[in-house]
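K.L.:
Found this in Swiss-Prot, in case it helps:
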BINDING   Arg125, Arg165, Gly171, Gly172, Lys204, Leu206, Glu211, Gly237, Val238, His239, Gln280, Glu294  ATP 1 binding site
BINDING   Gln280, Glu294  Mn(2+) 1 binding site
BINDING   Gln280, Glu294  Mg(2+) 1 binding site
BINDING   Glu294, Asn296  Mg(2+) 2 binding site
BINDING   Glu294, Asn296  Mn(2+) 2 binding site
BINDING   Arg696, Lys735, Glu742, Gly766, Val767, His768, Ser769, Gln809, Glu820  ATP 2 binding site
BINDING   Gln809, Glu820  Mg(2+) 3 binding site
BINDING   Gln809, Glu820  Mn(2+) 3 binding site
BINDING   Glu820, Asn822  Mg(2+) 4 binding site
BINDING   Glu820, Asn822  Mn(2+) 4 binding site
DOMAIN    129-323  domain 'ATP-grasp 1'
DOMAIN    660-849  domain 'ATP-grasp 2'
DOMAIN    917-1024  domain 'MGS-like'
REGION    1-396  region 'Carboxyphosphate synthetic domain'
REGION    397-536  region 'Oligomerization domain'
REGION    536-917  region 'Carbamoyl phosphate synthetic domain'
Amino acid sequence: MDIKKILVIGSGAIKVAEAAEFDYSGSQALKAFREEGIKTVLVNPNIATIQTSKFLADRVYFIPIQRQFLAEVIEQERPDAIACGFGGQTALSACVDLDEAGVLEKYGVRVVGTPVRGIKRALSRDLFQKAMREAGIPVPPSSPAKSPEEAIEIARYLGYPVVVRVSFNLGGAGAFVARSEEALKARIYKAFAQSAIGEVLVEKYLEGWKEIEFEVVRDAYDNVAAVVCMENIDPMGVHTGDSIVVAPCLTLTDEEYQTARNISIGVVRTIELIGEGNVQVAINYAGPEQYAIETNPRMSRSSALASKASGYPLAYIAAKLALGYRLDEVLNQVTRRTVASFEPALDYIVVKHPRWESDRFGVTEGLGPEMMSIGEAMGIGRTLEEAWQKAVRMIDIGEPGLVGGPMFQSLTLEEALKCIKDYVPYWPICAAKAIYLGVSVEEIYKINKVDKFFLNAIKRIVDVYKRLEAGEVDLDEAKVLGFSDWQIAKALGKSVDEIRAMRRRPVVKKIDTLAGEWPADTNYLYLTYGGQYDDKTPGVDYLVVGAGVFRIGVSVEFDWSTVTLATELKNRGYRVAILNYNPETVSTDWDIVDKLYFDEISVERVLDIVEKEGNGVTVVLYAGGQIGQRLYVPLEKVGVKIGGTRAKSIDMAEDRGKFSKLLDRLGIKQPPWLYAASVEEAVKLAEGLGFPVLLRPSYVLGGTYMAVAYNKEELINFLSKAAKVSGEYPVVISKFMPRGIEAEVDAVSDGVKIVATPIEHIEPPGVHSGDSTMVLPPRRLEEWAVKKMIDIAHTLAVELEVKGPLNVQFIVQDDVYVIEANLRVSRSMPLVSKATGVNYMSLVADVLTHGRLAVDEERITLKPSKWWVKSPQFSWARLRGAYPRLGPVMYSTGEVASNGSVFEEALLKSWLSATPNKIPSKTALIYTYDPHHEELLRQAAGLLSWRLEIYTPEQLGGKIAEMLKWRKIDIVMTAGITPEKDFHVRRTAADTNTPLVLDSTLAVELAKAFNWYYKNGKLEVAPW
């Protein structure tokens, strides 16, 4: 193919069902294209990604992934081709839109990889069904519908239960199971609202059938390889993104396996796939029937998992195939021994486990066909039990495995059985407790139809746990079944140190994709008790600890810092390893560092690795966010060499009591605060300070269980929950200052000098910094306040002997008040690095390797030359039953950013980059039931009334839901937390993809920016 320049479309902000796996696949594609000498142009407003760093793409555009912006990029750049398969559903839909609008034809841009007709055939439920039937590939009894009435008719014909699936959408958005006509009518409007083309498929629900998935690659010459077979432990009806998944497939007969493989290959041929795709197949547990359910003609969450599970670099190979290579011409870069037509063989088992945040959002529903999980982890072991228990620890919910943790201990039999029946998140822990209390595997199978093979694995774990509790010590058996030292110690009534001294050490094994069939030199490692000898690899100088499972508050920003820091160390000539277990990420890719340990981030595992690597290795804990903070004290205690800031400084900053005393000693102001060790004491102290008060437990991230209490009842209600987070630590009560401006400083220090960037938030204090709209350089803050913020950050860096990254948060009112300091990489460091043009991780690497910053001045303040705005991405539409709101708890799942020569331009481009935001053209619903926000929302309504028809709930009465459903309201602006009054309004807005603005200050700023745009303000399309 004669391609000189290619346009790659990213996936934008991280949201439920579209996460960091597209940073991984996009980064790999950019590398593969660059190897061929092709110039790459990337459009992706996700500032936190690695792919938007200078070293991967030739040009990067931080702009919304919408047709008018993409058309301008094409006009300016004139690419020869466009790659649609590496940015998830967002990129595919954008490509189809550009094609249908005639933009690609107008500029002569070719689609590389799967053709647009193939994409449509895969994503339209109607076209998919027709194509499969024509090709003789079995599909479930089903029919497409273009209206709710048609859907109801089809369901009557098929008979209940039915599952409704949505065309052209992401992660099963809007999909649901209906067991009656009433249930169908209640949710069908949301399904249509979630479809880009207003089409759904009504399908007979294959209850209890097995669901498996094949990752398949195909070249332009019709050569096909079925790379990995993955099996969902949960049966049909639970979205594959919310299922626990094992690879390879474990419960299929050879005949079932071959049939499913043939169906998958038939599907990709029918849609003319070129590159990589996945096919979901349903297998009847009671008979020979199998059906093709759906396909994704692109890299997906499953393909990221399959790549990491098999050591087969799917995204890299898919990019080469898109350029016209044959499978047998592409070398597998992991093994350097095999070509892409070689199907991997696995001599280990992987278990992928999702992580949910249902508590945070107040969601109580069980799992279904619409994906709701926020992150995922992948455990690797030589037994199913080992991999599974590892995966449960990795999702970091406080459980030490399938048995022995707080959830396991507290469940009653009744609760456990209900949890299994409803597929509540983490149901395998409930199954373990039910078995522990005497329920048989057969009974559990009858309730939830999970294959007995998997239930028996849980039973084996429970049996060993019972024997440990009875004092029978067989450490080897427990370790082979994935028990941690802590689990064993607790069951035996011994200390963790005693168990460590008693047990044998794990061995290091390589993932070589060949199951040892012939030698392959890979750097992709895991630790296991299912072996006797280590696979030998040369030692490293640094072990950089990654961010682990993604969750609210920990996302791709921390992967950016892990990878960027590791790369900077490698560029300085050091040998570097990364420890991480998140299959979505770039940090768990094979070609980033000298060694990848795909394993747990825990004291036990880090000590195992340090023993293997030798005492010369320096462990770096501050790049991955909060997960590393917990390891400082226990690792330093046993003499592990830790790079950068010392453990005592971390503890001083993390412990709110110690930190406050430090601020008092240094004469730095902070909002008045007090400690409470009990609820009664808290009530008394809060009344003394005067409501409202802010409540913060010690050691949290993402604002978990932080709250503003406006009265005594709210305070008591909150504290009963907060104890769940950190029972040993008291709660801090501080005076809440809602009138100030919240701001922060990102910095790097060597304990003497500091390089820093100030950031301002649009939303007031009380909105979590991760949910705030950030502005660089500060716009409302006066110069004295910015200077004082930098002074304070410098003073703290010197006092705490910071050797590395630092983030300090402030409220500026009549003076500058410090809220908190974090001695680690912050969520905003990718933003400040890209906005200022100075890579903060390069500065961190200087301090780590040489002990000092390579700058002359004591204090350097960096500010960008343009306006930059970072906006949060919320996933309210995904979280069934959640009440959309803002507060001190973080709710956003991702972020986007853009720049502009004026503030309004930067704000609008950034805000438009988050879905489902669009500039309103006709109508707006603007209201609040919270007196604190009335004045500002009145102002916003006044600013827009010349151009838009402004509604209030009182005017519309019972018509609101209908108007939202039929897209008669362009935007909803509201504020405050009043679910008893407006739950239905906000929920319907989220379900119908209506833009929601949930803060009054932001509403005013957006109203001004809309007016600027209405009066011919220009949204420039320019590369970074």
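Using the three backbone atoms N, Cα and C, a Cβ is placed for every residue, glycine included.
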K.L.:
Mean pLDDT over the region 'Carbamoyl phosphate synthetic domain' (536-917): what is the value?
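P.N.:
Mean pLDDT across the region 'Carbamoyl phosphate synthetic domain' (536-917) comes out at 93.
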K.L.:
What whole-number Å value do you get for the CA-CA distance of Gly171 (ATP 1 binding site) and Glu820 (ATP 2 binding site)?
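P.N.:
Their Cα atoms are separated by 37 Å.
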K.L.:
Just give me the nearest neighbour of Glu820 (ATP 2 binding site) among the binding-site residues Arg125, Glu211, Val238, Glu294, Asn296, Cα to Cα.
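P.N.:
Nearest by Cα distance to Glu820 (ATP 2 binding site): Val238.
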K.L.:
Give me the Cα-Cα distance between Glu742 (ATP 2 binding site) and Lys204 (ATP 1 binding site), rounded to a whole Å.
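P.N.:
A Cα-Cα distance of 53 Å.
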K.L.:
Give the residue counts of the domain 'MGS-like' (917-1024) per reduced DSSP state, in the order helix, strand, coil.
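P.N.:
Across the domain 'MGS-like' (917-1024), DSSP assigns the residues as follows: 55 helix, 11 strand, 42 coil.
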K.L.:
What three-state secondary structure does DSSP assign to Ser769 (ATP 2 binding site)?
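P.N.:
DSSP call for Ser769 (ATP 2 binding site): helix.
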K.L.:
What subset of the binding-site residues Asn296, Arg696, Val767 lies within 10 angstroms of Asn822 (Mg(2+) 4 binding site), using C-alpha positions?
P.N.:
none
K.L.:
Which residue among the binding-site residues Glu211, Glu294, Glu742, Glu820 has the fewest other Cβ atoms within 10 Å of its Cβ, if you could check?
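P.N.:
The binding-site residues Glu211, Glu294, Glu742, Glu820 were compared, and Glu820 has the fewest Cβ atoms within 10 Å.
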K.L.:
Provide the three-state DSSP residue tally for the region 'Oligomerization domain' (397-536): helix first, then strand, then coil.
P.N.:
71 helix, 10 strand, 59 coil
K.L.:
Would you measure the largest Cα separation among Arg696, Lys735, Glu742, Gly766, Val767, His768, Ser769, Gln809, Glu820 for the ATP 2 site and round it to whole Å?
P.N.:
18
K.L.:
Near the Cβ of Lys204 (ATP 1 binding site), how many other Cβ atoms are there if near means within 10 Å?
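P.N.:
So the number of other Cβ atoms within 10 Å of Lys204 (ATP 1 binding site) is 17.
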K.L.:
Which of the listed binding-site residues (Val238, Val767) has the least company, meaning the fewest other Cβ atoms within 10 Å of its Cβ?
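P.N.:
Selected from the binding-site residues Val238, Val767 on minimum Cβ neighbours within 10 Å: Val238.
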K.L.:
Looking only at DSSP and grouping its letters into three states, which state does Val238 (ATP 1 binding site) belong to?
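P.N.:
Looking at the DSSP assignment, Val238 (ATP 1 binding site) belongs to neither helix nor strand, so coil.
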K.L.:
Using Cα-Cα distances with a 10 Å cut-off, which of the binding-site residues Lys204, Glu211, Val238, Gln280, Asn296, Gln809 are near Ser769 (ATP 2 binding site)?
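P.N.:
Taking Lys204, Glu211, Val238, Gln280, Asn296, Gln809 one by one, the ones whose Cα falls within 10 Å of Ser769 (ATP 2 binding site) are Gln809.
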